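In what follows, a single structure is set out as structure tokens and then discussed.
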Amino acid sequence: MSGKHGEWVYETVEEMGARFGIRATEKLLDEQTPYQHLEVWRTERWGNLMLLDGVMMLSSLENYLYHEMMAHPALQTHPAPRNVVIIGGGDCGTLTEVLKHREVESVVQIDIDEAVTRAAERFFPELTAHNDDPRVSLRFEDGVAWMKNAPSASVDVIIVDSTDPIGPGTGLFGPDFLADCHRVLREDGIMVGQSESPFYHLPLMLDYHRAMKAAGFAERRSLLFPQPVYPGGSITGTLARKAGPLDELRPLADEVVTRYYSTALHRGLLATPPFMQEALGEV
Ligand code: SAM
């Protein structure tokens with residue numbers, strides 16, 4: 001839920017009794033799409049800011065943190081990622097990061113809401129500049145249904161860059177969808193999904209691990225990283241590999257230029273903090 005007081009744009013997390021605000025200067029877009037309420041604001045210090053259903057999705061200033069972490073850890077863990085599927089990700093920031101990898105031959109992105117991509121083209125053009133890369137195929141349909149119908153053992157890397165598990169994003173956290181992801185990945189395939197904050201949404205994170213385990217992903221690892229516009233200022237991306245370890249990674253190629261991700265950082269983030277380890281021990 002967001003409330004506006006003057007020029008402040010707020011995201012409120014009722015269950016945590018918390019509210020985060022960013023001062024805006026102008027509302028650039030206010031659209032009720034068939035799926036969600038889409039807003040874009042011009043802000044004083046954060047560049048443009050996109051919200052879906054009152055939840056902050058990305059700002060120009062710091063979206064690289066999230067997008068790099070949704071793309072590179074999974075791609076660097078896979079021995080030879082050629083075919084990538086992104087579920088959600090309509091702002092195309094994760095797609096931009098995936099395309100930096102020359103070994104990737106095809107990327108299919110499935111977002112339910114075309115309006116998000118059209119808004120990104122207008123207000124975050126730096127994220128959509130490579131959408132005409134011949135390796136890219138953009139589809140606008142439900143990711144849950146797409147995955148259900150996808151052929152088995154046909155994809156190397158699945159990236160679930162979804163909204164929170166409310167509204168259209170709900171199914172992307174569920175056991176049926178994750179079981180389909182497991183089936184669609186090749187034998188050495190890997191997936192990563194945004195799995196919220198361990199400070200704000202620990203039960204959700206634990207449910208996500210349980211569902212991944214039930215789907216057949218023996219090993220999972222939640223990498224905790226900063227994301228200032230998300231509740232609590234940080235978020236996790238949970239990696240799960242069909243077979244093989246999660247702590248063997250290829251060093252980043254020189255042509256993949258990043259601002260947050262590095263091989264050394266990736267190794268460090270694989271060390272789950274004790275408070276998360278303790279909670280995950282129950283899974
Ligand atoms: N992790 C970012 C966040 O929570 O702030 C998400 C950014 S990205 C904009 C999330 C995208 O997921 C949205 O564009 C939304 O349309 C898409 N999405 C939600 N449910 C979906 C579904 N069932 N299938 C495909 N895309 C979906």
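Just so you know, glycine gets a Cβ as well, placed from its N, Cα and C.
TrEMBL lists 6-242 with the feature domain 'PABS'. The S-methyl-5'-thioadenosine binding site annotation in TrEMBL covers Gln36, Asp111, Asp142, Gly143, Pro168. Taken from TrEMBL, the feature spermidine binding site applies to His67, Asp91, Asp161, Ser162, Thr163, Asp164. Residues or ranges marked as active site, proton acceptor by TrEMBL: Asp161.
Features per TrEMBL, on structure.
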residue : record                                 : Cβ within 10 Å
Gln36   : S-methyl-5'-thioadenosine binding site : 22
His67   : spermidine binding site                : 24
Asp91   : spermidine binding site                : 26
Asp111  : S-methyl-5'-thioadenosine binding site : 26
Asp142  : S-methyl-5'-thioadenosine binding site : 17
Gly143  : S-methyl-5'-thioadenosine binding site : 28
Asp161  : spermidine binding site                : 26
Ser162  : spermidine binding site                : 22
Asp164  : spermidine binding site                : 19
Pro168  : S-methyl-5'-thioadenosine binding site : 21
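Asp164 (spermidine binding site) sits 14 Å from Gly143 (S-methyl-5'-thioadenosine binding site), taking the Cα positions as reference. A C-beta separation below 8 Å, combined with a sequence spacing of at least six in one chain, links Thr163 (spermidine binding site) to Gln36, Leu52, Asp53, Val55, Met57, Gly88, Gly169.
Annotation note: Asp161 (spermidine binding site) sits in a strand segment as assigned by DSSP.
DSSP assigns Gly143 (S-methyl-5'-thioadenosine binding site) to a helical segment in the three-state reduction. Cα-Cα distances to Ser162 (spermidine binding site) place Asp111, Pro168 within 10 Å, out of the binding-site residues Asp111, Asp142, Pro168.
Residues listed for S-methyl-5'-thioadenosine, Gln36, Asp111, Asp142, Gly143, Pro168, cover a largest CA to CA span of 15 Å. Among the binding-site residues Asp111, Asp142, Gly143, Pro168, the ones whose Cα sits within 10 Å of the Cα of Asp91 (spermidine binding site) are Asp111.
Reduced to three states, the DSSP call for Asp111 (S-methyl-5'-thioadenosine binding site) is coil. Other residues of the same chain near the S-methyl-5'-thioadenosine site, with their Cβ within 8 Å of the Cβ centroid of Gln36, Asp111, Asp142, Gly143, Pro168, are Tyr35, Gly88, Ile112, Asp113, Glu141, Ser162, Thr163, Gly169, Leu172.
Across the structure, His67 (spermidine binding site) and Pro168 (S-methyl-5'-thioadenosine binding site) place their CA atoms 21 angstrom apart. Between the C-alpha atoms of Asp161 (spermidine binding site) and Asp142 (S-methyl-5'-thioadenosine binding site), the distance comes to 13 Å.
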